[in-house]
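According to TrEMBL:
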DOMAIN    40-117  domain 'Methyltransferase'
TRANSMEM  383-402  transmembrane segment
TRANSMEM  408-430  transmembrane segment
TRANSMEM  450-474  transmembrane segment
TRANSMEM  480-499  transmembrane segment
TRANSMEM  511-534  transmembrane segment
TRANSMEM  554-576  transmembrane segment
TRANSMEM  588-611  transmembrane segment
TRANSMEM  623-644  transmembrane segment
TRANSMEM  656-680  transmembrane segment
TRANSMEM  686-709  transmembrane segment
Amino acid sequence: MTEKKEHWEKVFATKQETEVSWYQQKPQTSINFFIENNISKDAKIIDIGGGDSYLIDNLLEMGFINLFLLDISSNAIERIKNRLGAKLEKVTFIVSDILDFQPEINFDVWHDRASFHFLTSEKDIAIYKNLVTNSVVKDGFLFLGTFSENGPLKCSGLEIAQYSEAKFERIFGSDFIKINCFEENHQTPFDTTQNFIFFSNDRKLVLSPLVDYLQNKINTNEEIRLNFICTHNSRRSHLSQIWAQTMAFHFGIKNVFCYSGGTEATAMFPKVGETLVNQGFEIQKLSQEENPVYAVKFDDNQHPIICFSKTYFDDFNPKSNFGAIMTCNNADEGCPMVFGAEARFPIKYDDPKAFDGTDLMNEKYGERSLQIASEILSFLDQFLTIWIFLAILIGVGIGYFIPNSADFINSFSSGTTNIPLAIGLILMMYPPLTKIDFSKVPKMFENPRLLTASFFITWIVGPFLMFLLATFFLKDYPEYMTGLIIIGIAPCIAMVIVWNELAEGNRKLTAGLIGINSLLQVFFFSLYAYFYLAVMLPLFGIKGLELDITISEIAKTVGIYLGIPFALAVISRFVIKKYLGDKFFNQKFLPFVSPITLIALLFTIVVMFSLKGEMIVDLPMDVVRIAIPLVIFFAIMFFLMFFVAKKIGANYRDAVALSFTASGNNFELAIAVSIGVFGINSGQAFAGVIGPLVEVPALIILVNVAFWLRKKCF
């Protein structure tokens with residue numbers, strides 16, 4: 001038992017609740033916070049260091065149902081459990097030192113009136129701040145109550161830290177927007193007064209203004225100049241500059257020029273370069289003076305990024321028409337005006353300098369670099385939806401305004417296989433598959449409950465649900481109805497990889513699921529088609545249709561669309577790792593092939609929609625008729641699988657992989673089969689092509705729904 005824990009166990013074992021200075025029968029200040037900010041009754045609320053405080057009792061009386069209480073003392077936890085009685089089932093109790101706490105979910109409200117002021121070292125405060133930042137959802141709240149600079153110097157015999165509004169802002173201002181800050185006297189049970197300061201905050205959506213700025217520049221086809229600024233231009237600003245330029249190239253955003261500077265010039269700290277080398281960059285030192293010049297390469301065929309410490313107004317940097325991104329508090333506060341900047345964005349990061357010379361130095365520099373990379377990735381990634389819709393419009397436009405384009409594209413076919421479509425799909429799936437270590441895939445199947453649920457919902461519920469929707473909505477349109485039924489018996493084995501990637505799902509589980517679904521389609525697609533079209537339709541009073549689909553035809557289609565990228569991925573991974581090494585594979589090969597997915601995705605969408613562009617425009621109501629049951633299908637399958645997965649113990653990444661596998665469909669296979677059996681101009685083929693028109697925007701929406709559910713459910 002640590003000395004700290006021993007202290008608090010003794011306090012709660014030897015003193016009654018009214019014998020401690022922090023006792024409040026009704027913590028009105030905290031209660032007011034929940035009322036004034038309209039906190040939802042199902043919000044996930046954690047009270048840090050709550051001990052046997054009466055806050056939990058009051059929140060339960062107010063109707064809150066997702067409460068968490070953390071305290072270092074098990075004696076304190078037992079006290080409140082005994083007091084709550086039957087109500088305790090609505091509270092999750094956690095016995096832990098706050099510095100050792102590793103939350104498994106994110107919280108909507110982080111409340112702390114008891115523990116923060118006991119953290120007196122910069123290291124402990126940094127750990128706490130990082131924990132809060134990573135644990136509170138966007139649009140969540142932080143409520144802190146600590147001793148003010150007019151308060152006591154000790155509490156329960158322990159040294160404490162006093163706080164002011166300025167100190168709060170310095171620690172939390174980069175990640176939270178202040179709602180309120182005020183001082184208040186607390187009357188102890190001993191008739192003494194303690195002055196507290198309370199600080200309430202709303203989690204920032206700091207990237208939104210920058211996204212708008214970039215989008216406006218792209219819309220007007222202007223050059224984008226970004227100058228990342230911190231105090232010494234030694235750590236955070238260089239990391240931001242390098243990652244921003246790299247991500248702009250990765251996403252194919254042209255005319256982006258990234259710079260960095262400081263309020264004063266020093267030198268780029270050597271650990272920054274070392275960290276970037278470990279993360280796959282090549283760095284060459286071009287000079288040896290106190291402020292060296294470095295060339296940083298992120299791609300063999302691109303110009304290097306030139307890095308050295310300089311002021312933000314140095315001649316090397318732009319003088320006007322740039323966006324100033326303030327990456328630290330000191331630079332933001334010390335530069336009320338950045339001359340020449342069109343706009344100013346405070347996107348601040350904790351300085352890894354705090355860990356220089358410590359055992360955590362390597363870890364924290366790597367962590368900060370990846371944090372910057374992930375945030376830059378997140379705001380550039382938001383343009384993907386726009387590009388997908390543009391690709392849809394281009395495809396439809398080609399099909400409509402160039403009527404012979406479909407015939408031209410279909411002239412590059414072999415049997416039922418459209419070669420341009422096959423190339424696009426193979427290239428689209430290849431990069432994500434190369435990132436999967438298939439030797440570890442069997443470990444993802446150690447949970448038979450997940451596999452059973454996935455099989456039942458994907459292969460039993462899914463086809464029957466689509467059958468019901470098709471017969472209900474399209475009974476008077478038998479060709480469209482048949483096309484939808486064919487779509488329903490073909491679970492997705494291609495695009496699901498993309499949706500899973502975007503939603504940050506489990507790649508290995510997805511790879512395993514599409515492998516199983518591919519085999520099941522090879523052996524059971526013909527049987528399913530016969531059962532639903534020749535057996536089930538007559539049972540519902542609809543004349544059955546004769547189909548002549550062989551297992552070899554299905555196996556050929558699956559082999560082309562999935563087998564080839566699988567084989568290429570496995571061979572690439574094995575050969576490159578064996579002969580060129582892991583470092584080359586991870587730092588050279590993967591960054592080279594990763595952008596191919598986006599390019600191939602957009603190409604595939606253009607080809608798909610150009611095939612039926614004329615019909616889409618000429619028959620808009622038919623498009624709507626087909627779209628309605630598809631949208632209902634996607635939504636029901638996604639939510640059903642997601643909540644079943646959560647109910648049986650899946651984490652977020654597994655639930656996402658299962659949900660997109662269940663809700664997506666193999667439109668490539670459905671289109672190929674419809675064309676091969678019913679012809680290129682059939683209603684079945686038209687329904688197959690409309691599928692992606694509906695699926696792409698629907699599943700993009702579900703990607704965002706998945707992130708929202710992660711906040712609410714995990």
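Positions of Cβ are set from backbone N, Cα and C atoms, glycine also.
Heads up, TrEMBL stuff is auto-annotated, nobody curated it.
Among the listed stretches 450-474, 511-534, 623-644, the one sharing the most Cβ pairs under 8 Å with the transmembrane segment (686-709) is 623-644. The transmembrane segment (588-611) is not in contact with the transmembrane segment (450-474), judged by fewer than 3 CB-CB distances under 8 Å for residue pairs 6 or more apart in sequence.
Counting Cβ pairs under 8 Å to the transmembrane segment (480-499), the top-ranked stretch among 383-402, 408-430, 450-474, 623-644 is 450-474. Note on the transmembrane segment (383-402): residues 214-215, 218, 251, 253, 502, 598, 601-603, 605-617, 693, 696-697, 700 of its chain, located 6 or more positions outside it, place their CB under 8 angstroms from a CB of the stretch.
When pLDDT is averaged over the domain 'Methyltransferase' (40-117), the result is 90.
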